[in-house]
C-alpha cells in the first residue's frame, strides 16, 4: 500500500493538486494561469531533484564496471516515477497552455476541446515530441533491450534533470516580479552552465567513458555501438542543443536590454545636472585640470 502511495502516479498529480489549492491563498492577485504555471514548475523541480539524486546514486554504485554493474534504482525509478511523471507533465503543460490563453480572452478557450488540444500540440510540438520519445524509447530500452547492462548510463541520463530546478526557478522569479534582482541573474548563469554540462556535454562524456572501458578512442565509439543506440542518443541530444541555443539567445537579448537601460538611465541622470558654467576669458585650460 505504501509503495502504491509513493508511486509517481499519485505523487506528481497529488502535488500539483495541492499547489493549485495552496498558492491562490498566498498570492491572491494571481490568475489561474499564474497558479497553474508555478504549480507545474514546482512539481517539475521536485521530480528533477528526485531524478538527479537517483542518478548520482546509480552512477556511484555502478562506477566499478560501467557495463555489468547493476543497481535496482536504475529500472525502478523509470517505472515508478519516470513514466508517471512524463505522462502527467504532458497534461500539466496542456493545462498551463489552456489557462494562459483563456486569461487572455481567446474565445475558443472558454472550455476544453479538440481545438485547444490541437493548438497546444502545435505550439509545444517539440516538448510533446520529447516527452513521447522518452516514453517510447527510454522505457523499452530500460526494461527490455539492455540485457541487464548499462545501469551506469541510465544513471547518467537521470542527471540531465539537474538543470530543471534552475529553469523553473527563473520562471517563478519572473512571476514574482524579481526578474531584475541579482538572484535571477545568478540563476540565469546556472541555467546555462547546468544545461550545457548535464544535457549536452553529458553525451560526449558517456561516449568517452564507454570508449575508455573498451580501450577504443572516443571517435571510434559510434562505430562500436549499434545504429539504434546512436540514433537514440541523437534523438535525445538534438532538442537539447536547440533549446540551449534558444537559452543563449534569450540570455544575450536580456544582457543587451540591460546594457541599453543602464545607458539610458545614465544619460537621463546626466541631463538632470545643471549645465557647466563657461570658462572665463582668462582661463587657458578647462577647470577640471586646475
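Glycine is no exception: its Cβ is also placed from the backbone N, Cα and C atoms.
TrEMBL assigns the feature transmembrane segment to one of the listed ranges (227-248, 249-270), namely 227-248. Annotated by TrEMBL as transmembrane segment, the relevant range among 103-124, 125-146 is 125-146. Among the residue ranges 48-67, 68-87, 148-167, the one that TrEMBL annotates as transmembrane segment is 48-67. On the 0 to 100 pLDDT scale, the domain 'TLC' (33-256) averages 91 in this prediction.
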